[in-house]
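*Asks:* Take a look at the following structure, please.
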Amino acid sequence: MDETIKGIIKDENVLVTATVCTETVEYARRIHDTWPTATAAMGRIIAGAILLASTLKEGQKIMLQVKGDGPLKEVVAECDWLYRVRAYVKRPHIYMGLKGEKIDVGRAVGKGFLNVIRDLGLREYYQSSVELQTGEIATDIAYYLNVSEQIPSAVSLGVFVETDNSVRAAGGFMIQTMPETKIEIVEYLERKLSEAQPASSMILNGMTSLQMLEEAVGLPIEVIHIAEIKYYCSCTKERVINAIITLGRDEIKKMIEKGKTVNVECYFCKKKYKLSIEELRNLLREL
Ligand code: ZN
């Protein structure tokens with residue numbers, strides 16, 4: 001079962017979060033038919049969105065969007081407060097080989113920006129952007145947390161893709177100190193984390209999210225909550241219609257003039273929606 005855990009290091013002011021999301025990432029891979037480099041990028045951003053969702057309140061969502069000048073172009077994941085996650089990658093058929101033992105996500109992403117969009121509910125959004133540091137996604141999320149949110153954070157994300165292209169391990173962990181954290185603990189964690197094995201290796205070895213945290217920090221963890229994760233897309237025909245409305249009257253008129261049923265495919269789950277000419281005409285009348 002895919003899960004996420006949130007806790008604190010016992011008696012210390014250190015927030016710890018981890019996720020094992022192998023099945024979710026494998027499910028996303030099958031929807032999007034991604035090749036290994038695209039799978040790794042999408043898996044890392046899914047794990048990152050789950051980790052950041054640990055701070056959400058009821059009704060809230062967080063979206064991470066990596067936009068770069070590399071062949072992948074754009075990778076997006078969104079996670080809500082119930083850990084329902086969905087994702088897509090603009091160019092799914094990308095495989096660029098390895099860099100050392102790891103899939104070379106940085107080169108596939110290139111230079112660009114990480115955008116973090118918080119949907120606070122009631123049509124209230126908060127967006128912030130940072131320049132990509134490596135394009136490897138984990139370091140970029142850590143940089144965003146350190147710079148934009150001023151929370152000293154270490155982030156490790158990993159995806160292991162099997163030779164048949166399926167996902168054998170996906171997940172990650174995040175360690176965040178607070179202003180009250182003792183300096184000795186901060187220094188200890190820096191040392192400990194620099195020696196920690198990659199998240200993908202821990203998951204390949206069968207570790208749960210709690211075991212991963214205990215292994216990474218080497219101290220007892222007090223669990224705040226554990227939650228199940230699932231891939232879920234909230235798209236509906238009504239939302240597709242709303243998206244078409246935002247194109248404006250002229251675009252809708254052009255669609256009607258073409259005289260063909262309009263097919264719209266959801267980016268996140270590939271579900272297909274059809275709009276007949278009659279529906280488009282009604283839409284135009286309502287505008
Ligand atoms: Zn959908």
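Glycine is treated like the rest: Cβ placed from N, Cα and C.
Since we're looking at a predicted model, the values are computed, not measured.
Below are the features I grabbed from TrEMBL:
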DISULFID  C233-C235  disulfide bond
DISULFID  C266-C269  disulfide bond
*Asks:* Show which residues of the chain containing C233 (disulfide bond), separated from it by at least 6 in sequence, have their CB under 8 Å from its CB.
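*Replies:* R86, C266, F268, C269, K271 - these are the non-local Cβ neighbours of C233 (disulfide bond), listed in sequence order.
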*Asks:* Tally every other Cβ atom lying within 10 Å of the Cβ atom of C235 (disulfide bond).
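*Replies:* The answer is 18.
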